[in-house]
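This is the structure I want to talk about, given as structure tokens.
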Amino acid sequence: MPSSCSTLLSIAACNSQPQSFVTLPSSTSSSSSSCSTLVYAGHGNVFHLPLNGSNPSPQSLSQPENASKISCLCSVKLASSLSSATDSFVAASADGSIKLYYSLSESPTAQSYPAAAATVTCVAALRTKSSTIIACGTTQPDGNGVTIYTNPTDAPTNIGQDKNLMVEALDVFTIKDTIVLVAGCALARSNQIYVFSAPLTTDSTPVFTLAGSLSGHQDWVRCFSSTASFNSNSTSLLLASGSHDHKIRLWNFQTSKDKVDSHIEVDEDVDVDALLEDQARLCFTVNEDNIKVTLEALLIGHEESVTSLSFSPKSAVDEPITLLSSSMDRTLLVWQVTESSGVWMPVARVGSAGGIVGGSVGNSLLGFCCAKWGQGGEQIVAQGYGGSVHIWSADMSVQPPLFTPLPCITGHFAPTTDLSWEPTRGTYLLSASKDQTARLWANTDEGWRELGRPQVHGYDMTSLVCVGGGRARGGEVLHRFVSGADEKILRVFDAPGATIKLLSQLTSYQSVDEDDKERPAERAFLPSLGLSNKGGDGTGEEKGNEEMDDGGTDGNSFGLPSERDLGVETLWPEVRKLYGHDTEVIALASTAQSLRRDPMKKIVVASSCKSRDAKNAGIKLWNVEGNSCIKTLEDGHKSSVACLAFSSDGSILASSGKDRRLCLWSIDPSTESNSSKLQLALDGAHKRIVWSLSFCQDTDEGNSVLISGSRDMTAKVWRFDPSAKSISNLQTIKFGESVTSLSFAYPSDFGSGVCGVGFESGKLKIIKLLEDYSSHDVALEIENGHVATVKKLAWRPMDGGELTLASAGLDHAVKIFSVKL
């Protein structure tokens, strides 16, 4: 049977920028017209999932290696002369690259366009009968103006460069036979909306000219949304604009047979809000279309910057126009015109009234940076600055409208640095990230989901290891982990009772250990002034830091924790600190894998820290249960130890790093004897820094065969003879790029010697060492790997059966693969 790999989990948080997600019509022919697909950008990845209430996991589109961070997405609008729906969208990146995705079918295709001169901060697209017009804007001084693309093979054109535009928002639409492009500016004094126009012809290259500008906003213009207005003859269009000044302005673009020659000239001394509503703010003519722009309404309701606007799609002419707005005040407002007075009013408020919006932002309470309607107007989707994507089902048939929360999409919103499986059965996976959180992933009936956020820290996290084997086995407390961050302290956490109950309810985990019945705390909370999670019983002081979401995000029909719950309710109490390092911790390893061979084995944790000299390059061995440092291993390295790995029985520790020296240490877990010592040191094991080490997990070879990976683009397989204190190189595997992560799999139905390899480009490969480990085969190249450096690989501890590999990368993603060889 040929080797294969299926993706069980591929997830990262949505980029914390406006225009980081879009909702598209479903690409499946069997779907109803109201079914939507959510597409969002996570670093350089593009994720998508249907918004049909079934709560599936996101899937990622294949991306090139070392893909740049995506800066904005937009759906492709259709000109008024076209009627069929499209699920095309445009992705623009920080390096200026632009791609047009034609479909989200089983084999999506993408067309690359010439790169823009600077980072694209906003994008808009329109499909006409002859071409797809893509408009890109930037706020960088070396890319002023708006860049227009109409053909992938033609050079783009630039408009508005003479105005020194700093473009923060764009929108493009058609009204009768005219294409209108609006650009919102972010300038120190002139925060105008510039209007460009071009005739809608069969010519594939429309020529845009400046029609004029709209004044009124007193701060940066951040967002636009447009919709056909008031009647069905397509001669009127409503444009909404939002700004840092907290206000929303509605502009009515209307065509007329009568030519209008004049409009109100506005300078800085005129109060534009004092002008009459029906007075033309701008008039222009394109061919035979005479277009007048008036201010329809001024909406005041938000208390902070308006970050996005979205008109609900209308299925009938007589349906009221509904506008959704998001803001940094942590709320979403739904606006409609009242029938009695004709005044725009907010009819619903959704969001957070003091709750945590996302990730490690904690009590800073940042708001929403984007919100949109689903294609049928049956859902609203909102993105918090912590990267979480919130989804509500919308019932607009009642007054006030009813919004029901669905499970949100979560993930790390900064580089993921480490992974560790629960050591006894692989019940869950813990991940650490520079977003200052540790997250718990487990397999539920709905697939792999984030079920906890054990640590929300104040420092970027660098490493973690699970160490709990269970007191019934004579070891550490079950469900315990040790973490390291950009600080000198190691922190130890034990799972609270609430986490055990959640795992029992949502996964196949069944509590069999006495540790689960006597947890140190029911839950934990993070004090307002502190970095240490405190245990509690769910009442008292810790309740003071929780404020419920008035949008109802406190729960959902799937029983999964909401974003607020993840940030507050799923913390693990910190039970102790381990002091000893003089600089920031960079690597951790434990002997937890030895529990498979000896359940009574005492677990040892090894740690290293940043170092420029031999003084701080020592490796510390810890007895976590005894809260003590067993020994500091010195005289081995001269600079930072970047990687640590224990043998399968925990008797040997391998270390390497910047000095390219491979050291092997014998380990004695006894605190009293302190007999751990250096057995062998090999200088120049590689030509460049060594990034990763891993011991073979085979019972016979687990103490002697290990593999090392380096920036010199090689992985080397070594055999260590403890009795002779010698080491030999069995083979050198040459790759075309830096090897950043290695991990031997546990023995399985597919045999031993299976090793995962991660690369600087984000590629993932599975190799299998053959016979006496002196040769190898590339068993599998995993598609849809990472788009940035792979930082950690970890195999799930399972007895036989399928192999499960987890990976973490600098692209913020956590991925889990089921591997068959």
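Glycine residues also receive a Cβ, built from the backbone N, Cα and C atoms like all the rest.
These came from TrEMBL, pasted as-is:
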REPEAT    214-261  repeat 'WD'
REPEAT    299-345  repeat 'WD'
REPEAT    409-441  repeat 'WD'
REGION    511-560  region 'Disordered'
REPEAT    634-675  repeat 'WD'
REPEAT    683-728  repeat 'WD'
Quick check on the repeat 'WD' (409-441): DSSP residue counts for helix, strand, coil, in that order please.
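Across the repeat 'WD' (409-441), DSSP assigns the residues as follows: 0 helix, 18 strand, 15 coil.
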Per DSSP, what is the residue count of the repeat 'WD' (214-261) in each of helix, strand and coil?
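The breakdown for the repeat 'WD' (214-261) reads 0 helix, 27 strand, 21 coil.
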Counting Cβ pairs under 8 Å to the repeat 'WD' (634-675), which of 214-261, 409-441, 683-728 comes out on top?
683-728
DSSP helix, strand and coil counts for the repeat 'WD' (683-728)?
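Per-class counts: 0 helix, 23 strand, 23 coil.
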What does the DSSP secondary structure composition of the repeat 'WD' (299-345) look like, as residue counts for helix, strand and coil?
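So the counts come to 0 helix, 23 strand, 24 coil.
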Per-residue pLDDT averaged over the repeat 'WD' (299-345) comes to what?
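Looking only at the repeat 'WD' (299-345), pLDDT averages out to 88.
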Can you count helix, strand and coil residues in the repeat 'WD' (634-675) using DSSP?
0 helix, 17 strand, 25 coil
